[in-house]
């Protein structure tokens, strides 16, 4: 009797242990073992977060502890709901179901009819047939023969990675939107999505003669200064150099005014009132000499309180913007005109004479984002100069275009704010502008993007990503208790099975907006930042060694690894804008002088001469 009770007690204990282990795994552990790179190991060693309370590793350890005495029960209930889908699709197919849930395109699968002699297992398919379901949804470039690919005269080998990032974004969207199981996607496609990172080099200078660096402090002046003092001076000097001059600012204002008039005249037909607004860096004060001019185009009725444009409203406006692009192509004032009819239609063009790039987009107003940008710039005076360096650092490598997998200007600005805010909370916070730049590089070189996301409100801190299949109850609970920030983290912090390497950066102006969700080149970005962090540390050490020996450092500039030969890359373009701005200002002054002469002559014609009678009014 005693032995039977003991056996029953041990059986119950084992069953409870198994249930606890299963619950822990289903709630906290990832559905697949992610490949951890060296940056993850460095992050865990440097921050000591390997067994942090509440982390995935601690829950996995607890699950393994419970699993020690666990055993499966002999009687199991048939799978239901999401478990039935997991059993039908298999491990890889279940990851695609999660990806569809993340993108909001998931729907419950229909029950599979079973006939006599048939099982519920998925029939095996041939490898060739597996690839057809994915290729059916692929782009035209994927279906084109190889001999027709890559013959575009405007494409170069240096831009091949950009095309690859565009292909990744399109492929992930196709797979998740159409809920294609992973076993139906060939291994080559999956390997291309999970690409190997590489260090992105800056653009090469086209100058025949090597020009001196304008922001360099010189060997004689900086010989007695420390490396960090020299870095501080170079950052401030570079920010002043890369800012627009008076003539460049005048040229930008004139071209923006011409573009707005052109748009309003072209679209203001059929009694339609078109509204154009300048937004972006021109409004936030972060404009650089080579920045694009951003113009938002909309219908004036959208500003009314009773009218609220929807997501489809902006897309439908593309039908109106397409004729605008055609009219710009036929104009002699604009070149390189392209139109992309996406969720937010966009036109890219370039002013023929000055070479200034123009971007016309139909999108929601960015007033909340501008307010947050102004708020952070008032709090941190070094932010503008630091952003100038980072914007050029990303720009000379082609990493600022979201369409090509890069980080947008607003996203890069918030990345900088998050890093500095996190540094202020450390035991040894960075104080000088040079220390803040080095902290940015170290922070993102070691940040584990596969496990954590970043938020800035109410304080800058990381948050754990999760693999909860349906976080809707958690989002609703957070909103019910008045915590939209936490609700947004539940919404954007879901682990993406196809792209776990993406950075989840919460927008402080809109908590449900993930600023890194389209940055497909994030692997390249993090690898490049890690390489530049090491290069900067080596240069700083070399400056200190030369200073200790009383000699001059052989290098030209501490910022050269980051921004490259930016002064040579932008020299011709800036001179072109400068000349056009001066010529336009001169022509305006001549026209103004002619108008004043006409006014003066007309006034003189009305003045009575000596001996002439003044005519009396009737």
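If you go along the chain as it appears here, the first residue is 1 and each next one adds 1.
Glycine too: its Cβ is placed from the backbone N, Cα and C atoms.
Caution: TrEMBL annotation is automatic and unverified by curators.
Values in this document were obtained by computation on a predicted structure and should not be read as measured data.
Between the listed ranges 202-224, 225-247, 248-270, TrEMBL ties the annotation region 'Disordered' to 202-224.
Segment annotation: TrEMBL labels region 'Disordered' over residues 581-618 (candidates 543-580, 581-618). DSSP states for the domain 'PAP-associated' (433-513), grouped as helix (H, G, I), strand (E, B) and coil, give 32 helix, 17 strand, 32 coil. With DSSP states grouped into helix (H, G, I), strand (E, B) and coil, the domain 'Poly(A) RNA polymerase mitochondrial-like central palm' (231-360) comes out at 61 helix, 30 strand, 39 coil.
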